[in-house]
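Colleague: Once you've had a glance at the structure underneath, I'll fire off some questions.
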Amino acid sequence: MSTIIDVYAREVLDSRGNPTVEVEVYTESGAFGRAIVPSGASTGEHEAVELRDGDKSRYLGKGVLNAVNNVNEAIAPEIVGFDVTDQAGIDRAMIELDGTPNKGKLGANAILGVSMAVAHAAADFVGLPLYRYLGGFNAKQLPTPMMNIINGGSHADNNVDFQEFMILPVGAPTFKESIRMGAEVFHALKAVLHDKGLNTAVGDEGGFAPNLGSNREALEVIIEAIEKAGYKAGENVFLGMDVASSEFYNKETGKYDLAGEGRTGLTSAEMVDFYEELCKDFPIISIEDGLDENDWDGHKLLTERIGDKVQLVGDDLFVTNTQKLAEGIEKGISNSILIKVNQIGTLTETFEAIEMAKRAGYTAVVSHRSGETEDATIADIAVATNAGQIKTGSMSRTDRIAKYNQLLRIEDELGEIAVYDGIKSFYNIKR
């Protein structure tokens, strides 16, 4: 047993230059843990509350001093004295202390920072890597990376409607080789864009952010890059999209406006037709948030039409929330959940969502946020839970590469017992 003797939070910066919460946990044994909380740009309306100060004189109102103070003045006194290995008990105590259904009193960013730092301190105490401490002896599966190499929507200042266009190197024999394949395609894409006279600046998640004629054109240039790198689209490398359609859903009309393509007033059925057409023309294996988070009828139609052969990931749809996920499972909506620790606010609840998804035959994709830091906790979570997939950005920006590098270390440490399933991690669809 190692008792927590101090908890301390401070305001630091994320990859977009916005403040976020860093938490440190100290124990009587000398074990120590530190964690930094990520932040999203396109957020689901049902997410746990990220507490911002709203003081326009500091960081344009995005300061997090209130969340920091909540850790130092409210949460710390509550959990000092806990055994650092009592993760569930500590998380439960913070949830009860907050007392709201969405962590709106203390802030999910305050609670999550403590939850993650506690896990790091506990792993330090028992002398295990974080993934082994959280996942036990069976934690050995390296995730298939979903690499966002073209950014659009809320993640870039361009005219592309869809938020992310990803490559998935499912044909690699190991995680290390999947990273090499992804990096080679990324560099090939830069050359393709340059040769077309297009911008090669990168967006929030490290992908390129060119102005393109359509969302279809984004897929076309990625196919060209895959082939230029010497790989075969639909064999070695598949495509994925995070549409983030809530960002271009018009609540007043109940329609979808693809402004970048000059197509407005699209119905849910027309959006589903569009996705089905794209999936016939391109080797798309995963679509995230294809319809608005509250358009459950649209999601149901999409699942009925292509859910047997395409992974349909719920991000804003499920917000890492077991109640929302249970509703989706009951109604047969989507077949996968995106796991973002700050959408729900504790590691305990995060693990519960992954477990529920797997029991129902849904896949789980551990994910970063667009506002990231050097913290690589999600890499360990992906291996600890054998989630099978991770979405943590492109092959540039240290805030993204930090997660890939941590996974490379874990694979090296696991040695011969490391597993990389590639295409088999999409176990609930037919390819």
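Each residue, glycine too, has its Cβ placed from N, Cα and C.
These came from Swiss-Prot, pasted as-is:
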ACT_SITE  E205  active site, proton donor
ACT_SITE  K340  active site, proton acceptor
BINDING   Q163, K340, R369, S370, K391  (2R)-2-phosphoglycerate binding site
BINDING   D242, E288, D315  Mg(2+) binding site
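Tell me about the setting of these features in this model.
Modeller: Counted within 10 Å of its Cβ, the other Cβ atoms near E205 (active site, proton donor) come to 31, all protein chains included.
In sequence order, P38, G40, D315, V319, T320, S367, H368, R369 are the residues of the chain that are 6 or more apart from K340 (active site, proton acceptor) and have a CB within less than 8 Å of its CB. Secondary structure at K340 (active site, proton acceptor), taken from DSSP and collapsed to helix, strand or coil, is coil.
Note: D242 (Mg(2+) binding site) has non-local neighbours N148, F162, Q163, E164, M166, E288, D289, V313, D315, K391, i.e. same-chain residues 6+ apart with C-beta under 8 A of its own C-beta.
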Colleague: How long is the line from the C-alpha of S370 ((2R)-2-phosphoglycerate binding site) to the C-alpha of E205 (active site, proton donor), rounded to the nearest angstrom?
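Modeller: Distance between the two Cα atoms comes out at 6 Å.
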